[in-house]
Amino acid sequence: MSHGHSHDGAPCGGHHGDDGAGGSRPSVNDVQALVDQLRLAGVDVSNMPNIPTAPRDMDEARSKSFQFWSTQPVPQMDETVPADVNCAIEENIALDKVRAEPFSLPAGFRWSNVDLSDEEQLNELYNLLTRNYVEDDDSMFRFDYSADFLKWALQVPGFRPEWHCGVRADSNNRLLAFIGAVPQTVRVYDKTVNMVEINFLCVHKNLRSRRVAPVLIREITRRVNVTGIFQAAFTAGIVIPKPVSVCRYYHRSLNPRKLIDVRFSHLSAKMTMARTIKLYKLPEETATRNLREMKSTDVPQVFKLLTTSLKQYSLAPVYNSEEELAHALVPKKGVVYSYVAENQNGKITDFVSFYSLPSTVMGHTTHKTIYAAYLYYYVAGSVTPKQLINDSLILANREKFDVFNALDLMHNEKIFSDLKFGKGDGNLQYYLYNWKCADMKPSQIGLVLQ
């Protein structure tokens, strides 16, 4: 399997040109265009000097200086946090001491909240992300977040409109950059912290030499601080100071012919297409008894089941209300899919969910979209995780997904080989802003960010 295609729901995502060149040198955009042309011509650009690409692994990151992140309250690359340390890096600021006025943008640009309840603005954000958001390293695939997905991810209970933070051009009012934050209580080891999740940092390709991303990060930090929240969680496909955990994507083919056609994956040596299709063929029916789509009336039971299960992990969400959980997990067609199994007494014993995040295929004549399902939260109570996840493969296949993706967090890694998942080439780093604690193994992570 290739193309780990990691989420950069994060400050300094892989294609945002944060710590790149500026001044009179060619812009990051110019250099990136050249890099893309060289890549297309088959040239290995990974060892070329002076090309400002974001580091994709820890070793590469240790040798890099981070102009922006070295100024932020995050552990630095060479820092090892002892096991008994689990606390904020900077003390909370008194609210009357938090900067009251927005940070300055370059001339010709202004701040503008994006109102996702307004169809026109929602579509503007959709178009910005569709054309400028995360691509894989070979520029073959780009995430295609639907408008419904954006509302689901950003309009969570307790969301604040000013945390949907856009930048517009004065000249034509065009939306050119965005960063989003949503409230989320997170438990880190034994401490429960009110945080925000940061997501959808995106800067228009034409603006990437203007160092807008650091200003976006500073501004969303200010807007969050004003409300008395001083910590954040986010993920990124690149390495910046300093991940609390490094997870890896795994992929399970559901439609191998299409995935091979678009070069998401390739035929293994000595394998024919017919044998590959046979290898990945799934049963028609699920194995878990009484497995059905989750309903809103199931929320109280799923709330108890999931809340208990998440206690085993060192980094996990804390649902403060059934309303929060209902928003995240009650099925929404084309966005989130959730299923429960109940016993003879009507007690829910098992639960599994996945969300839909398609990718646009760049420049393919036949296929325009890969339909990808991502494993979300689950609790295997009466059956093994292996059986429950295999059932979710069957359910995703029934919904016509092409591939089923999962990270090696929770207990996932133990079941990947049996269920024919292949290791992806993309890591997903987990980050905490203004918090330091000991590093975590992927199996300690119970927080899944879209």
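Every residue, even glycine, has its Cβ placed from backbone N, Cα and C.
As given in Swiss-Prot:
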{"type": "REGION", "residues": "1-28", "note": "region 'Disordered'"}
{"type": "BINDING", "residues": "Gln67, Phe68, Trp69, Phe200, Leu201, Cys202, Val203, Ser209, Arg211, Val212, Ala213", "note": "tetradecanoyl-CoA binding site"}
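For the tetradecanoyl-CoA site, whose binding residues are given in the record as Gln67, Phe68, Trp69, Phe200, Leu201, Cys202, Val203, Ser209, Arg211, Val212, Ala213, the maximum C-alpha distance rounds to 22 Å. Cβ packing within 10 Å was compared across the binding-site residues Gln67, Leu201, Val203, Ala213, and the lowest neighbour count falls to Gln67. Under DSSP, Arg211 (tetradecanoyl-CoA binding site) is assigned to coil, being neither helix nor strand in the three-state scheme. In the three-state DSSP scheme, Trp69 (tetradecanoyl-CoA binding site) is classed as helix.
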